[in-house]
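S.K.: Here's the feature list from TrEMBL:
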type     : residues : note
DOMAIN   : 14-413   : domain 'Major facilitator superfamily (MFS) profile'
TRANSMEM : 12-36    : transmembrane segment
TRANSMEM : 48-67    : transmembrane segment
TRANSMEM : 79-98    : transmembrane segment
TRANSMEM : 104-128  : transmembrane segment
TRANSMEM : 140-162  : transmembrane segment
TRANSMEM : 174-194  : transmembrane segment
TRANSMEM : 215-232  : transmembrane segment
TRANSMEM : 252-271  : transmembrane segment
TRANSMEM : 283-304  : transmembrane segment
TRANSMEM : 310-329  : transmembrane segment
TRANSMEM : 350-372  : transmembrane segment
TRANSMEM : 384-406  : transmembrane segment
Amino acid sequence: METSRRLSREQIFVLISAASINLGSMMCYSILGPFFPKEAEKKGASNTVIGTIFGCYALFDFLASLVFGKYLVHIGAKFMFVAGMFVSGAVTVLFGLLDQVPEGPVFIAMCFLLRITDAISFEAAITASSSIVAKAFPNNVATVLGSLETFSGLGLVLGPPLGGFLYQSFGYEVPFIFLGCIVLLMVPLNMCILPNYESDKGKHSFWKLITLPKVAFLSFVITSFSSCFGFLDPTLSLFVLEKFNLPAGYVGLVFLGLALSYAISSPLVGLLSDKMPHLRKWLLVFGNLTLAGCYMLLGPAPFLHIKSQLWLLVLILVINGISAGIGLIPTFPEILSCAHENGFEEGLSTLGLVSGLFGAMWSVGAFVGPTLGGFLYEKIGFEWAAALQGLWALTSGLAMGLFYLLEHLRRRRRYGQLWTFFPPFKIWLVGVQNNILYPFFQSEDLWALCASLLDRHIYGNSWVVT
């Protein structure tokens, strides 16, 4: 029986809720960049302390994602979403009042406290959001998550210029209070429209999930992409200002190429990933290798002997955004399918684990990327630092490609054993390949089923019924 392609009312409400948290949280996250460092310096914070204030966000994001992913079912997905959004909005408003705090240790302590609280609340809402989306769209996870990344990209694009404009026009408090109030106004809306999904408590843990070889490699890929994004935060603007002597106002336009290309490509990649799941593995590998090439050309690397030009930098950033969408979007459904293949139950408990793991791995890269990038930029310059960052993407791409190749060879060896030990399999295979049995079995599902039977029920040349 064919399922309707029209979205149900419940699915539309889920999309509205998820889009609201992606857009609002990313705007609140990115609003600090244009003016907060300057204000923090006035309050006696050093550059090292300011960098640590930014960096602690990713660290506590990582810790919170593990906790919330594990206990999503215990807390409740809807409550976690709404509570996370409420606290995030309130903390953003309080950030706008920091200029009233005495300078020195008190100001610095309040900055850390609010930034850490914001990270925890943001991760609660995002973990719940990803799980609810995957629950509402079980057959189109990549498409929907890819489409929602458009709103994340818009938040990152709109946050800095909007914050800068409000700061110049009305002062320090208004940008935070304005955005914080918008997020708070979305809380009652989401309380009304967001469905409440119930699920049994799962028996599996993060440790069992992360120790699956395929999930471990995919986690490395997620961290690689996150670190590549984070690398640009402390380095790219300084490089553009120094290399091309652009006015400070134009530096933000350089980042637009990356953000917009990622936002536009993500839903298209998600749609392709859901329509043709067998392509996910090659999208992952291709995205990683292309990303590695982009970072080699971003400087460009001195050993390439290519002159650095502004148009080339912008072009590479556009390709960078597209390759990030190609390589990153398929990771969530790949981890989810791998978990189900290895005995994880289908429900919110597994979705919470996968969402938490994705957030945790992203946070690791978001912490390592800027930290290591700033250090390398200071020591060896942007060109060599970007090339070294590209090696990370190259390593993850080659490792992922090698894993998929070995997986393919192992499955072929299993199917060869089935062909030898179980002659009726020939009849089934021919029937599937000629679409005789297609309505009942997809060929990949049948192959996986037979391979599983081979592992568990063939002893020598005899079949054992259990």
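The count begins at 1 with the first shown residue.
Backbone N, Cα and C define each Cβ position, glycine as well.
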S.K.: Any chance the transmembrane segment (12-36) and the transmembrane segment (79-98) have 3 or more Cβ pairs under 8 A, given the pairs are 6 or more apart in sequence?
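M.R.: Counting Cβ pairs under 8 Å, at least 3, so yes.
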S.K.: Do at least three CB pairs under 8 A connect the transmembrane segment (350-372) and the transmembrane segment (140-162), leaving out pairs fewer than 6 apart in sequence?
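M.R.: Contact criterion not met.
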S.K.: Please tell me whether the transmembrane segment (384-406) and the transmembrane segment (79-98) touch - that is, whether there are at least 3 C-beta pairs under 8 Å between them, with each pair 6 or more apart in sequence.
M.R.: no
S.K.: Cβ under 8 Å, sequence separation of at least 6 from the ends of the transmembrane segment (283-304): give me the contacting residues as numbers and ranges.
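M.R.: Residues packing against the transmembrane segment (283-304) from afar: 218, 221, 224-225, 228, 269, 272-273, 312-313, 316-317, 319-320, 322-331, 334, 382-384, 386-387, 389-391, 393-394, 396-398, 400-401, 404.
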S.K.: Can you say which of 79-98, 215-232, 310-329, 350-372 has the most Cβ pairs under 8 Å with the transmembrane segment (48-67)?
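M.R.: Answer, by Cβ pair count: 350-372.
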